[in-house]
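So that you can see what the record holds, here are the features copied from TrEMBL:
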DOMAIN    100-257  domain 'CP-type G'
DOMAIN    108-255  domain 'EngC GTPase'
BINDING   THR147, LYS148, ALA149, ASP150, GLY199, SER200, SER201, GLY202, VAL203, GLY204, LYS205, SER206, THR207  GTP binding site
BINDING   CYS278, CYS283, HIS285, CYS291  Zn(2+) binding site
Amino acid sequence: MTINLVNYGLNANFEQAGKTAKGLALARVTEQHHNLYRIVTTQGERQATVAGKFAHENTDPTSFPAVGDWALVTLSADIAVIHQVLPRQSVLAREAVGDRKAGQVIAANVDTIFICMSLNADFNVRRMERYLTMAWDSQAMPVIVLTKADLCDDLPAKLAALSEVSMGVDVIVCSAKTGAGYDKVVAQVPAGRTVAFVGSSGVGKSTLINRLMGQTVLATKTIRADDDKGRHATTFRQLLVLPTGGIVIDTPGMRELQLYTGDLERTFADIATLATQCKFRNCTHTSEPGCAVQAAIQSGTLTTERFESYQKLQREMAYDGLNARQREQAKIDRMFGSKNEMKQVVRQAKAKNNRK
Ligand SMILES: Nc1nc2c(ncn2[C@@H]2O[C@H](COP(=O)(O)OP(=O)(O)OP(=O)(O)O)[C@@H](O)[C@H]2O)c(=O)[nH]1
Ligand SMILES: [Zn+2]
């Protein structure tokens, strides 16, 4: 059996990188179970582990293979051995407050991220803003997928609110009930393209993926849902090849993905542009004369809400990059409303760190 890896998303870059390595075969990581991986090569699917030398040389957990990675492997033994992970074109990672290196890669080499949000209870523009930030930061292209259109009676208002933050990102409105919008979703997953789905639980990600896959996966998903202990783990695929040729990455980690702050400048491109017109280069956009951001708020072209969520994200990002002591100091420096409030923020951040 010879497998054409192009069907698994192989592009010219990875193909080139794979050719230069003598004696090593090219593989894509399709599943990860702790230290055991599943890979696909031209010779079929195999289980794999990382080489001892690789484990020794890579102390940063984000250097280890993740679902979607392209890797160089040897296939001589029963279990294949991963010697090298090829440079990633995009990385979806889990938040790690204060210590980027403690982050965990949830998926690699994703081309398109479908940010799913339902048009009923889950709809929240501020949350979408944060998902977009995360998507830009990953280097994958976001597409906004609004689900459950059948349960929404004020679509124009919601779309208008969303347009304040979507910054030209494609928005698809769909419904599993009526089938509306599915053609547009399918069009965003052409053959060879790797996509991932993020969004709150219950917004309809599985429904969407099943629809893209056709009948077969529905059964697979039901098995998974019935047994979260993983007895049927082999039937749950983390990397799916759609009948139409697109590739879907759906790892457990993706389902638990927490929002985190990423490419602020890009998500708030409008504010970044305004800031270049402020009188002072180090303008904080609070009380300085000649502030273009405040002027935009006054004239109504920028909402206070949007500016506030920009400030909030900015604070969180600055906070993320500091160590524990610096963080405490930074909070005090910034003078929170009260010292208690400051303590509470630090406590929350620590609790968050400990939970990992
Ligand atoms: N009315 C309506 N219900 C939908 C639609 N899409 C999904 N649902 C329902 O919403 C519920 C949750 O859908 P799922 O596809 O399981 O949601 P999910 O995002 O995969 O959830 P997690 O697996 O927890 O992450 C199911 O009962 C679906 O039938 C839709 O467009 N309209
Ligand atoms: Zn300003």
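Keep in mind that glycine also has a Cβ here, set from the backbone N, Cα and C atoms.
Structure coloured by features recorded in TrEMBL.
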residue	record	DSSP class
THR147	GTP binding site	strand
SER201	GTP binding site	coil
THR207	GTP binding site	helix
CYS278	Zn(2+) binding site	coil
CYS283	Zn(2+) binding site	coil
CYS291	Zn(2+) binding site	coil
Please check each of the binding-site residues THR147, ALA149, GLY199, VAL203, CYS278 and report the ones with a CB atom less than 6 Å from an atom of ligand 2, ordered along the sequence. CYS278
Expressed to the nearest Å, what is the distance separating GLY199 (GTP binding site) and HIS285 (Zn(2+) binding site) at their Cα atoms? 32
Rounded to the nearest Å, what's the C-alpha distance separating CYS278 (Zn(2+) binding site) and SER201 (GTP binding site)? Just drop the number here, would you? 41
Quick one: of THR147, SER201, THR207, which of the binding-site residues has the smallest count of other CB atoms within 10 A? SER201
Other than CYS278, CYS283, HIS285, CYS291, the chain contributes near Zn(2+) (Cβ within 8 Å of their centroid) the residues LEU274, ALA275, LYS279, PHE280, THR284, THR286, GLU288, GLY290, ALA292, VAL293, GLN294
Nearest to VAL203 (GTP binding site) by Cα, among CYS283, HIS285, CYS291 (binding-site residues)? HIS285
Rounded to a whole angstrom, what is the C-alpha distance between CYS291 (Zn(2+) binding site) and THR147 (GTP binding site)? 39
Could you pull the average pLDDT for the domain 'CP-type G' (100-257)? 82
What remains of the binding-site residues THR207, CYS278, CYS283, HIS285 after requiring a CB under 6 angstroms from ligand 1 is THR207
Between THR147 (GTP binding site) and HIS285 (Zn(2+) binding site), what is the CA-CA distance rounded to a whole number of Å? 36
Inter-residue Cα distance where the pair is HIS285 (Zn(2+) binding site) and LYS205 (GTP binding site), in Å: 39
DSSP residue counts for the domain 'EngC GTPase' (108-255), split into helix, strand and coil: 63 helix, 29 strand, 56 coil
Once near-sequence residues are set aside, which residues in the chain of CYS283 (Zn(2+) binding site), 6 or more away, have Cβ atoms under 8 Å from its Cβ? ALA275, GLY290, CYS291, VAL293
